[in-house]
């Protein structure tokens, strides 16, 4: 059961006391801030900014001044918003018990200071020597009096002293104390009236409350914003959440493609249109390098040359098939070379017989097709051998199993499976291939 002497509402005398004190000894900004706290038990700092329209720095200076003088108290609370973000807010309120004690202390301190000034003014020096600047009080008048001349003379230089007007109090201290008591009498009356007031704990330490005026303005602003968003259409939905989003701040998408680089290069070239061939590919820029007859006889096939160049630009996917075909072609060329070697003496004999003929018959006779065919086969065989030497891929051992050098280069996991001896052989083979390439 609650104590009947405990008040659950702040008496009007306490509110008037706070208003009198704040208006009598502080500025208008302090009075406005305290008026809000008198009307509302506990107010958030942001709400006070909204009501007073002060700058945040100015408002905090005013509140810190009042808090330093123990007129108000501050309480910090951590609040969680709807989006899960936590913020700290300062709530200010008046502890009326502390306010009464502070007012009593400050008034008593002022009264004591006035009494001290009164006591000091009665004991100040009232006589001063114009020569040696010695000062004397009223209690030393018997020492200064000279009965022969009937004057007050200095005890050091025997010069007649003068009354020290600068040491005289400008105002009577007893008058100041009387005026102080007269002006502070309304505050004294309120203090006597609130002497035995006992306030409940929820009044001394109030909980935060919402200001009705601010609530109405916020509801009206929310309604207006909702209507504006509906009228604006769907393009305003992107601005619905103004808070920053950090979901994708530390997310990195890495795509690892295990396909061959040749496929990627070919895919990138598919969407591009074929460019016109430059003049040095379409025809020779060297005068007399190739004759028209050689072009017609098939000595140089420009279309085949173009296809070969395009084939070099994009590597062949069927490398294994081409390797098998080249090996088969080599075997065929070797068999044909054996048959040509058997017919070579006959050709040589025919050539020696033809030497006895005249030069005129040599010019008129057509070229022998057998010799041309043999010469062409030899050239083709040499070209095939050179191409095969270039096309042959060295064999590398990986954990005792044979693999081609190109396959190991494209699959780094095979290198990890090598023994130290196999890895040294693999590195040495790569160095030799690199040296052969630039020799």
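Cβ coordinates come from backbone N, Cα and C, glycine included.
Swiss-Prot tags one of the stretches 100-128, 129-157, 158-186 as zinc finger, and that stretch is 129-157. Per-residue pLDDT, averaged along the zinc finger (129-157), amounts to 87 for this model. Within the same chain, residues at least six positions away from residue 67 (N6-acetyllysine) with a Cβ under 8 Å of its Cβ are 73, 74, 92.
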